[in-house]
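*Asks:* What Swiss-Prot records for 7, 8, 9, 10, 11, 12, 13, 14 is ATP binding site.
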């Protein structure tokens, strides 16, 4: 099973994934957790470039770097893990690119979606289920402000992050069978309980 966790800045994805993984392992599943950009040596190298506020990368170059990292990530890590019977949980995937670069970034939703869906061939490589940790942009940014160092995207203005939130919710509305929206203001364990119900329904 391939699970993706999406959400805006400060939604608590890392904590949610850790808690969800722990519960699934307790149920006897083999879990592989990963993230984007990252998840492989190429992805980790690209991550540093993409998130560095000092790097001046054009929007199209940024998009293609995300896609290059994803293509390698899918082939090197995700597909082999799935073929071996493991459950893969990824912190971000296609929809983050569609929202951050396509919608909030202005490159166009349909244009970016088309590129994402053809990154490893003619057929879209999609998760079995996507959990969206939804949080108001202002609250998410307040959480992030407590950190010492913010990356390039975390430093963007609130209007950008509001567009990100609206973009994710719009994608969730278009794909209700794949998307499950969780309230990121709830305690993590409450969200994990809801997620486990959805995962068990797919088994």
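Keep in mind that glycine also has a Cβ here, set from the backbone N, Cα and C atoms.
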*Asks:* Which chain neighbours of the ATP site, leaving out 7, 8, 9, 10, 11, 12, 13, 14, have a Cβ atom within 8 Å of the mean position of the site's Cβ atoms?
*Replies:* 133, 135, 140, 143, 184
*Asks:* Look up residue 9 (ATP binding site) in the DSSP assignment and reduce it to helix, strand or coil.
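*Replies:* Coil, per DSSP.
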*Asks:* Near residue 10 (ATP binding site), which residues of its chain come within a Cβ-Cβ distance under 8 Å, counting only those 6 or more away in sequence?
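*Replies:* Expected: 135, 139, 140, 141, 142, 143, 144.
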*Asks:* Would you mind ranking the binding-site residues 7, 13 by how many other Cβ atoms sit within 10 Å of each Cβ and giving me the lowest?
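*Replies:* Looking at the binding-site residues 7, 13, the Cβ with the fewest others within 10 Å is that of 13.
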*Asks:* So what sits near residue 9 (ATP binding site) in its own chain, CB-to-CB under 8 Å and at least six residues off in sequence?
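*Replies:* Within the chain, residue 9 (ATP binding site) has Cβ neighbours under 8 Å at 140, 141, 143, 144, 153, 154, 161, 164.
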